Amino acid sequence: MEGGVNVADKAEFKECLRLTWTQPYILRLVLSAGIGGLLFGYDTGVISGALLYIRDDFTAVEKSTVLRETIVSMAVAGAIVGAAFGGWMNDRFGRRPSIIIADALFFGGAVIMAFSPTPTVIIIGRVFVGLGVGMASMTAPLYISEASPARIRGALVSTNGLLITGGQFLAYLINLAFTKVPGTWRWMLGIAGVPALVQFVLMLMLPESPRWLYRKGRIEEAASILRKIYPASEVEQEIDAMRQSIEEEVRLEGSIGEQGLIGKLRKALGSQVVRRGLMAGVIVQVAQQFVGINTVMYYSPTIVQLAGFASNNTAMALSLITSGLNAIGSIVSMFFVDRAGRRRLMLISLVGIVVWLAVLGGTFLGAAHHAPAVSDMENKLFANRTQTCPEFNPNVHWSCMNCLKAASTCGFCAHQGELLPGACLALNDMSRRTCHADHMEFYTEGCPNNFGWLALIGLGAYIVSYSPGMGTVPWIVNSEIYPLRFRGICGGIAAVANWVSNLIVTQTFLSLTKALGTSATFFLFCGVSALALVIVFFTVPETKGLQFEEVERMLERKDYKPWKRYQGVGDLEPARKREIGLAGP
């Protein structure tokens, strides 16, 4: 899944509850900015259900897996550009204008999609939404972090991660609510404009990040905002702490030497510490996507249909399980990541992912082998009312799986509740209506089988394995493993690697299921996850409990081994201490 998560301990959460009660202005700032995380999660979840109805309304979408993948993945492509452009906007114009512009893009995209006359226009709307998501995904947690009291910052930023998974769950609920409403997918996609509009209005009434203002020399404005956030007795102390922090940040940035992007990148890659950290950071971000999570989050109802549940309503209702488990998993991670450790939690997570992807692959393989047969007699019953599948030959044994793989795109009309032979019909509205008129079910993605519930259990267990570990920990590792002076550029590289990997997975999943079959596709993800388990074991160190300078010291050791546990900075040369800020000049 795509957004960062900061972890907080129990004491911090208690202090957070106390301070937000006594200083309600903090809560207003956090919840207003946190709507960006809600939008991020909503977009991730809503397209999975809307796609079922877009497919029903447009024949071209129903017959083209590439077109369906493009509708889903163009938001991810837009997010890559939005995240990159948003980084520049954040530094140039501030956090608040960046969120406002992201809201405008998201609102515009939602309106475009709601009134789309063709799939092409839907794709254009998805690009606009993606640009907004990309900007919001990096700006919202940054704004919350910089506008939060230091002692409860982790707890407040964690709310952004919870709002992302909460937005996904909300999307599935809204999808389910609009299944009986005329316009279905238009409402599902268009209603996303409402929270974007609400956040737009709220942000107009909120201030800029005090840290950004201070860096721009607008010190009095920053102080005025801090007086609203902190008790009067703490304001001067916080202003002084901000001054020292920004001065240190500027000093470290200056130590890089060359200020251009290429110069910074050359300087970063010339450091063994950065190379080792960047290798670990990029690997966990790529692994996070290549274990297949967004096939579940973007295509969850479709996967449920592949498991043999043909009804759109049923598919979306059952998909609520995966979304709810994902939200619960993000909460679990907040309590265990500092106890179990980052590395251990990821490795345990990957073991579970490998096991349950293997179970899913085996389940779909069994379902394919026990698919009902296509009956020539059943086909003849429909011949006078609709077109049968052109490729069907009564002299060749066909099952439902052969029918769904036909070149001209066909559907299987099956008896409800029984695995009896059915009819293979050309895929069109007439075939669907004719099949339903005979009180039968029309299958276009997967075949009826007795393995569906096992597939749902495997899907749920996969999410339970993924969410607390690979779902959140890669972002935590990336927030800790880079030297401060290179954190911006290295974090950007890792984030782009995450989004690009997301794009590759979402743009190819349905094509893989058509080309290889559903079971082979899940076995492929299982193999990739097993490879990721090995690579993470040999490349990613444990950063639990280490200060930033201790992480840097660990990465520069001559005897560095990622699977070894290092504690403490140890004895450093005076020059080295000065370099990483542990000693005075």
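Positions of Cβ are set from backbone N, Cα and C atoms, glycine also.
For reference, TrEMBL has these:
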{"type": "TRANSMEM", "residues": "25-54", "note": "transmembrane segment"}
{"type": "DOMAIN", "residues": "29-544", "note": "domain 'Major facilitator superfamily (MFS) profile'"}
{"type": "TRANSMEM", "residues": "66-86", "note": "transmembrane segment"}
{"type": "TRANSMEM", "residues": "98-115", "note": "transmembrane segment"}
{"type": "TRANSMEM", "residues": "121-144", "note": "transmembrane segment"}
{"type": "TRANSMEM", "residues": "156-178", "note": "transmembrane segment"}
{"type": "TRANSMEM", "residues": "184-206", "note": "transmembrane segment"}
{"type": "TRANSMEM", "residues": "277-297", "note": "transmembrane segment"}
{"type": "TRANSMEM", "residues": "317-337", "note": "transmembrane segment"}
{"type": "TRANSMEM", "residues": "344-368", "note": "transmembrane segment"}
{"type": "TRANSMEM", "residues": "451-477", "note": "transmembrane segment"}
{"type": "TRANSMEM", "residues": "489-510", "note": "transmembrane segment"}
{"type": "TRANSMEM", "residues": "522-540", "note": "transmembrane segment"}
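Long-range contacts of the transmembrane segment (98-115) within the same chain: residues 33, 36, 39, 43, 82, 86, 89-90, 121-122, 124-133, 135-136, 139-140, 143, 186-187, 189-193, 196-197, 199-200, 203-204, each at least 6 residues beyond the stretch ends and with a Cβ under 8 Å from a Cβ of the stretch. Of the Cβ pairs linking the transmembrane segment (121-144) with the transmembrane segment (25-54) and spaced 6 or more residues apart, 3 or more are under 8 Å, so the two regions touch. Spatially, the transmembrane segment (451-477) is adjacent to the transmembrane segment (317-337); three or more Cβ-Cβ distances between them are under 8 Å for residues at least 6 apart in sequence. Residues 1-3, 19, 61, 68, 71-72, 75, 99, 102-103, 106, 119, 122, 126, 129-130, 132-133, 136-137, 139-141, 143-144, 147-149, 156, 159-172, 174-176, 184-185, 188-189, 192, 195-196, 198-199, 202-203, 206, 228-229, 294, 297-302, 305, 312, 315-316, 319, 323 of the same chain lie 6+ residues outside the transmembrane segment (25-54) yet bring a C-beta within less than 8 angstroms of a C-beta in it. Against the transmembrane segment (489-510), stretch 277-297 has more CB pairs under 8 A than any other of 66-86, 184-206, 277-297, 317-337.
Annotation: stretch 156-178 has the most Cβ pairs under 8 Å to the transmembrane segment (184-206), among 66-86, 156-178, 277-297, 317-337. Against the transmembrane segment (277-297), stretch 317-337 shows more Cβ pairs under 8 Å than any other of 66-86, 156-178, 317-337. Counting only same-chain residues 6+ beyond the ends of the transmembrane segment (156-178), those with a CB under 8 A from a CB of the stretch are 1, 3-8, 16, 26, 30-31, 33-46, 48-50, 140-141, 144-145, 148, 184, 187-188, 191, 297, 300-301, 313, 316-317, 319-320, 323-324, 326-327, 329-331, 334, 467, 472. For the domain 'Major facilitator superfamily (MFS) profile' (29-544), the mean pLDDT of the prediction comes to 84.
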